């Protein structure tokens, strides 16, 4: 397998989709009963084992989540599905196989004979390039052309509860013998358009201004993120980012630098030193929730975007990954919740039929209001010091320029904190960045670990320069994943119906309705199997039961 293939299989797109329904119920302050007892995760009993599937030689059972862990109780991390081997009592009706007059690859894929010996990996395993006695006939001949990172990420899916899909259904390194070149005026390069991508357009632009918002409460930022990233699904404030079903053969290389190993519990986060570095969704949302218990804080929310290009996927005759087709074939024809949930967690609940690629740059500064008052610093001063009130200019090669006012920073006592540990204006900075290379992420991580709290517009410029090498989806039109099931596949109609049902059950299984309400106007959020209360600024505690 080539490095490009490994990249296509491993790429993960960090698309957080937080979904909000109606208002969260809460206790009246007069009904406050004190700190509630911990609630442990409670699951139903296992169902009976299913009949032995004659083709899969497996049988299945499932269970449901009745109550999620809350108030420091045990969270729900166990699978809802189970399987075991069995000896079938019925014969398996194998579908007719074969490619007729076409060439059958080692992967089982059928391709036209004209695609043999052309130096392209049309089979996915290079078996079409074996036994070539004549000179190869490359489609692009002597024309200079590069593989497009934008095209290779096109079509990648999302999970409506926010988890990153572990694989893509599309084989975007299949070209069907064509050499369709697309010119990128920014990198001055011709890129080859894959067969699955009907349209690929390079059009680089950046937001002229940063968007900045300030909030008095952390829940306001959480709601802002939800409103901007939610989809029109009735899923409530529920987020799930850890797969727990049977997907043992899939592994993910996270191109957006999500450090899964750094996930921490709320108690551990509270005990850690300031200025932590994280791209982990777990840490981001738990950190925002933890600040609801602290007084005299203000939150500056900074957002910037760079758009590199657009794509539209082909609507018919797409070339799907062999692993995706194998996964569909191994789905049982009877509805087994655990198996279908596992499929959704592997490939996503939806895929992108069209969209934009680039990067999103988002920072949340936690400011100390008392320190600002003592130094006579206003929010506008902070924005000017960091450079986030300036217009940006974009040049060829995705070069973004901008400057920050270092003289103003020094005058106001907001000097660079790597050399000025007394500058306690910035309590923390929480990064929420999508796109860009690992090299940039490492540099930013090292800067934050040295104690630098003033991540400024220069850091944005450095990040933007790396986007050509690692773009991500920044907007997309979504289509249910079951629409990709080939109509000629055995039991296609049954499995499509089962997947449609599974998406609805998936939302209901991981629903915030299985949480207990918070007290005193607190908002309950379901974070990866645990219900967490985000409190108004006047209250704190696991249930917002304590008045500050």
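Glycine residues also receive a Cβ, built from the backbone N, Cα and C atoms like all the rest.
Taking Swiss-Prot as the reference, the stretch among 387-395, 396-404, 405-413 described by the feature transmembrane segment is residues 387-395.
Feature annotation (Swiss-Prot): of 270-277, 278-285, 286-293, 294-301, the stretch labelled transmembrane segment is 270-277. Of the recorded residues, residue 76 (disulfide bond) and residue 117 (disulfide bond) place their C-alpha atoms 52 Å from one another. Residue pair residue 140 (disulfide bond) / residue 123 (disulfide bond) shows a Cα separation of 18 Å. Residue 110 (disulfide bond) falls within a strand when secondary structure is assigned with DSSP. Look at the disulfide-bonded residues 76, 92, 518, 535, 544 and count other Cβ atoms within 10 Å of each Cβ; 92 has the fewest. A distance of 11 Å separates the Cα atom of residue 55 (disulfide bond) from that of residue 86 (disulfide bond).
For residue 52 (disulfide bond), the nearest of the disulfide-bonded residues by C-alpha distance turns out to be 92; the candidates were 41, 92, 515, 518, 544. Taking the Cα atom of each, residue 86 (disulfide bond) and residue 518 (disulfide bond) are about 46 angstrom apart.
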